[in-house]
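Engineer: Have a look at this one.
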Amino acid sequence: MLVIFLGFIFVWILMPTLTYRTKWLPVMRTEFGFSTYFGVAGLTLFMLMFPMLLMACLGCLYLHLKKQKSTDHLIREKTSGGGVLAAMRRPMLVNGPLGIVSATELLFLAMFVALLLWNFIVYWRNAYIIITPKSAAKLHQKLWEAMLEGMAIRIGLVGNLCLAFLFIPVVRGSSLLPVIGLTSESSIKYHIWLGHMLMSLFTVHGVCFIIYWASMHEISQMVTWSKTEMSNVAGEIALLSGLVMWATSYPSIRRRFFEVFFYSHYLYIVFMFFYVLHVGIAFCFIIFPGFYMFMVDRFLRFLQSRDNVRLLSARVLPSNTVELTFSKTKGLMYTPTSTLFVNIPSISKLQWHPFTITSSSNLEADKLSIVIKSEGKWSTKLYQMLSSSDHTDRALSVSVEGPYGPATTDFLRHDSLVMVSGGSGITPFISIIRDLIAMRRTTTCEIPKITLICAFKKASGISMLDLIFPASGLELSPDLNIQIEAFITKENEPMNEETEKIRTLWFKPSHSDQPISAILGPNSWLWLGAILSSSFIIFLVIIGVMTEYYIYPIDQNKNKYNAASRSILYLLVLCVSIMMTSSAAVFWNKKKSNVESSKRVQNVDVPSPISSPSSWAYREIESTPQESLVQCTNIHFGERPDLEKYLLETKGSSVGVMVCGPKKMRQKVARICSSGLAENLHFESISFSWVMGFSYGGAGVIIVGVIVNDLMRKVGSFLDLTRLFGDYSSESSGINKIPMDDMLPAIKFEEMSRVNPPGSCRICQDDFDGGDQVRCLRNCVHVFHKTCIDRWIQDVKMTCPLCRTPIVPDFYFFRL
């Protein structure tokens, strides 16, 4: 695989050079480019697409063999504290715009940027040699116009390199990412980096051509659609759809209006379709490998989401949290920190939300659990639905996609594990602890010492610790060395005994519900490799026959056949081959699993077990599992954890440090691990911020209006329209000239007199600190950071971002 990948990169390095164009390309065109079976597309098809798909198939085989190894063989490759490799894995950038980045990631990013620069410089150098005043005059161009056209073309070629890798990080069932120890969740930042570079290059590419056409008095070129060459209209449509996706992926928009970001990203279909029509199918095979794997993965997810799964029970916690437990087949195995995408049609038929799996497939062979914290509208509706009744006699319709997670875990290579969490960030660590409990019970391998440092705003959050054990109950092994330090940051004393209890609801299963199962069965990696290889072979066969007997008689490899028709035919055959092979594989595996799924499910009417979170505060023992856990738990009220003290005092030659929580917490832990004070700390951040968001009514219209308004201001400034037409300011429904401090006085958060002040600003999602300047809205008393709510009011409208209540009474304006 490494040899193939290096060869793939070598082709990209060589592609812009004269050696490639004058020596290699003519030979390869003779071998592949003039075939009567594949035509001009044969060259890129076999030179760039085939090697990547071969790598993906080999990755499937490797992961299958790795999965077959027993747990005892995965053990104890100890990680030394020092050394170059350990230093390369430590965080190097913490507070920058790239987020938390290790030295290794920074090195590969620099290498990729160097590859982009190499391509652009060599492309431009070769073009600069042949662009002269004489050659420009022959084309009725000025020299700078010829240079501009040449630069626009070369920038577009460099952008294709970003597009070639863009889809690989977001393939959830990828066979390439796990080979190098990555998951789709941890690779999202690479997709973001590539997306920014791609759209920057393609935007410059488009703008340069518009300027060129305007200077040549050929602006009509913007609406031309060539039958045999590149289509300008298709390129413009692709660019516009890309710009919409780019604008809505801005971090503040993605966090505040996640649905706008999420649904606008479906424009990738429009983008890719018109991109293919713009450049032609022969050129598209350069960037198609990643997109091909994404299409296979997306269709498999579509097939899995068609079934309703069997929901067994729900545990309702007083911290506005619920744990859902599903039935699963025993053959479904997953690793800790895996995620499951959930859809509940009774709440929303369109929304899919990812949640961390808290159960362990090694501990609970036939059950799978997730934890959902009530934050946005969707999760709040679910919590209200489940907390409003004591018992549910009917099934709740649920569909899922997944699980998705790392192929293997390496927790055992450490002597100690330190897990730092904030709020619901404890959920991935619950799955890790459960998995280590199962490993302690079933194997003789040495288990690392576990230190869990968890912070909650209120004492009710301690009930999350009850989820460390399954609902059925389980004793903590005395051999498992675990210490839990729980911090309650917003309360200074234990909870009152009269608190809400944890309740368990049992659901009556429907006959149509199925247990969660692997979409491709227990040998999923082998089946995925079979789908990738067989679909590609079917595609080649159909395209070969179609080209030989239909396209070639018309085209004669002289570019006479309609380019758009050829591209659409290729895309259609590609989709059909993927759908045929994927559907056949899923149908075969579903047929084999029917025996297990048809087993009778006994529906026993069990009284809802209850436990009180106050038991943690008063150390009252309610059951054996809680007793063993209480004994190893310390609770600290009214303080935050001293992370530096806990991390630096942890003993062991190799200490794995994992953090999942607010951005500031992750950055603080990363700074400690990268400070060099302790060489035995190995950092790993578990962040799901890319999927966090809240849905507000009408958010789409509002945010698009803000984007367009801001964009028009920037365009106007760039073109100096003020000088030509005079000053203009658009009407706003917000407050541009109202004295804000008069209307909504700003105060320090620590001076608030509310009994239960909020923990975080719902606009920027950051926690409130004591010295933060905040404003409390008069009508609905929601609290936000001063700068956040001021910008909202001035740029958007005069209603609360959360509840849409008018911010101030109407009489205020009459007073003005």
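Cβ coordinates come from backbone N, Cα and C, glycine included.
The domain 'FAD-binding FR-type' feature in TrEMBL is assigned to 304-410. If you look up TrEMBL, you'll see 761-804 marked as domain 'RING-type'. Among the features that TrEMBL reports, transmembrane segment is placed at 37-63, 98-121, 151-171, 192-213, 233-253, 265-295, 525-547, 568-588, 687-708.
Structural setting of the listed features?
Structural biologist: Over the domain 'FAD-binding FR-type' (304-410), the average per-residue pLDDT in this prediction is 86.
Away from its own ends, the transmembrane segment (192-213) comes close to residues 98, 109, 116, 145, 148-149, 151-152, 155-156, 158-159, 162-163, 165-166, 169, 219, 221-222, 232, 235-236, 239, 242-243, 245-246, 249, 690 of its chain (Cβ-Cβ under 8 Å, at least six residues beyond either end).
Tertiary neighbourhood of the transmembrane segment (265-295): same-chain residues 39-41, 43-45, 48-49, 52-53, 56, 160, 163-168, 170-171, 174, 176, 230-232, 234-235, 237-238, 241-242, 244-245, 248-249, 532, 536, 563-564, 566-568, 570-571, 574-575, 578, selected by CB-CB distance under 8 Å and a gap of 6+ residues from either end.
Residues 36-39, 45, 50, 53, 56-57, 60-61, 63-64, 67, 173, 175, 292-293, 296, 300, 569-570, 573-574, 576-578, 580-582, 585, 589 of the same chain lie 6 or more positions beyond the ends of the transmembrane segment (525-547) yet place their CB under 8 Å from a CB of it.
Cβ atoms under 8 Å from those of the transmembrane segment (568-588) belong to residues 41, 273, 276-277, 281, 292, 295-296, 299-300, 303-304, 519-520, 527, 530-531, 534-536, 538-539, 542-543, 546, 551 of the same chain, restricted to positions at least 6 beyond its ends.
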Engineer: Using DSSP, how many residues in the domain 'FAD-binding FR-type' (304-410) fall into helix, strand and coil?
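Structural biologist: Its residues fall into 12 helix, 40 strand, 55 coil.
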Engineer: Which residues, given as numbers and ranges, are at least 6 beyond the ends of the transmembrane segment (233-253) yet have a Cβ under 8 Å from it?
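Structural biologist: Answer is 192, 195-196, 198-199, 202-203, 206, 222-225, 260-261, 264-265, 267-268, 270-275, 277-279, 564, 703, 707, 711, 764.
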